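Q: Below is one structure. I have some questions about it.
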Amino acid sequence: MEKSWFNLILSKGELEYRCGLSKSMDSRLGPVENTTVNEDPTRNDTDKNIHDCSDSSSYYSKVDHLVDVKDIRNFISDDTFLIRDSNQDRYSIYFDSENQIFELNNDHSFLSELESFFYSYHNSSYMNNGSKNDEPHYHFNLYDNDTNCGWNNHINSCIDSYLRSQICIDSSILSGSDNSNDNYISNYICGEGGNSSEGKNFDIITRENGNDLTLKESSNDLDLYKDLWVQCECENCYGVNYKKSLNSKMNICEQCGYHLKMRSSDRIELSIDPGTWGPMDEDMISLDPIEFQSEEELYKDRIDFYQRKTGLTEAIQTGTGQLNGIPIAIGVMDFQFMGGSMRSVVGEKITRLIEYATNNFLPLILVCASGGARMQEGSLSLMQMAKISSALYDYQSNKKLFYVSILTSPTTGGVTASFGMLGDIIIAEPNAYIAFAGKRVIEQTLNKTIPEGSQAAEYLFHKGLFDPIVPRNPLKGVLSELVQLHGFFPLNQYSIK
């Protein structure tokens, strides 16, 4: 049986299809005559760029794809398509990529059911003619170079129809010059001279007149890509990083070294010795204390959404652990939970953590990533600034204990104005956005333009706003040395009771 497979590659705005072909058995399908001319000018251009395999006794060319494919993932997985050839004969195609099977079926009842189901997708003029072939079922296999070219024409046409249904073609492309030599499928599968060599790959690039085509943006596609790829936030990069490899690299862009946002769980894993994390107050929640009114959605519903999305109950995780064997108390804010905004539960969890560290004489580390106080709780969220600052005063001034504040991007608003800037040592990450009020708020309030980079960590470091700028890679070692410098040492087997 002839084997075929497809891979889709999305790279730098271009869609490339790669088709690999290999032969193993002799089989061929009866010819389907190509007697009519496609009225679609775009399709005509496509046919011009595909080798004419006139000597082939078995081929499909100009096959229309009648069933719209909703998702590009369906094309490279097992699926059934409804097509018609230039003689208006209709067939269903079953494409099994795993077992490398390509089957044709012209069963009338099945086609009628498909036509009825997909009627809304296509013009009824496509559905006027029945199948003229008496054979109910075919296996389409490669035989020789001529048949190969017929197969290639058929696959080319299927891909053409699929791309036309999935890709938005710019009006300037559609109205391009008739003298254009490049169709949006500029390379054909048959290769030079129409000969397909065994084991060779061929590229199909979606481009016309040098202009790239763009994929339709659907919420499902965007959600899928967000789960696989992360775009760099640096204005000079915007590179795309594979999510799985990015996690192993501490969420640092592989292309420019920019420090991307991290989930609180990843930061805890980065900072704490494995197996030593002990969370605190995980079940602490609050309701809607001021019954905040919103035209968009209820405050409670919004909290429920972020709880499901992040798996957290609030915008911070607090607990205890060991830093290279040194017991510490640590709190890590999570920007993915409503922008890391501070509300009553966040303030209460931080306050309880500080009090626990005070009573147990533990060094304290707070990792800040927040947009400020949460407006949905009004003054109740603002009062957390004073409550946390009061607890820190007792911890630092009365007990003389050691507190390290780590400012990540972004750290703004009430967090900056309270515990974010109260550390004995204040550490910032590279390129972190640190401010009290955001750039847009300042410009709208003062009616003045804020210079670019004036709220970046590197600029503020030279103004003396904090102590060191420490990348993520050596951060754990730096924290360990600072804690030991202030009189906290690792536990040993003799001190454990």
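Keep in mind that glycine also has a Cβ here, set from the backbone N, Cα and C atoms.
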Q: Select from 232-256, 357-381, 432-456, 457-481 the stretch of residues annotated by Swiss-Prot as zinc finger.
A: 232-256
Q: Please give the sequence-distant neighbours of the zinc finger (232-256): residues at least 6 beyond its ends with Cβ less than 8 Å from one of its Cβ atoms.
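A: For the zinc finger (232-256), the sequence-distant neighbours (Cβ-Cβ under 8 Å, at least 6 residues beyond its ends) are 262, 266, 270, 431, 471-473.
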Q: I need the least crowded one of these binding-site residues (CYS232, CYS237, CYS253), counting other C-beta atoms within 10 angstroms of each C-beta.
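A: Relative to the other binding-site residues in CYS232, CYS237, CYS253, CYS237 has the fewest Cβ atoms within 10 Å.
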Q: Taking 8 Å from the centroid of the Cβ atoms of CYS232, CYS237, CYS253, CYS256 as the cut-off, which other residues in that chain fall inside it around the Zn(2+) site?
A: GLU233, CYS234, ASN236, TYR238, GLY239, ASN241, GLU254, GLN255, GLY257, TYR258
Q: Check each residue in the chain of CYS256 (Zn(2+) binding site) that is at least six apart in sequence and keep those whose C-beta is under 8 Å from its C-beta; list them in sequence order.
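A: Non-local contacts for CYS256 (Zn(2+) binding site): CYS232, CYS234, ASN236, CYS237, GLY239.
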Q: Can you give the mean pLDDT for the zinc finger (232-256), rounded to a whole number?
A: 86
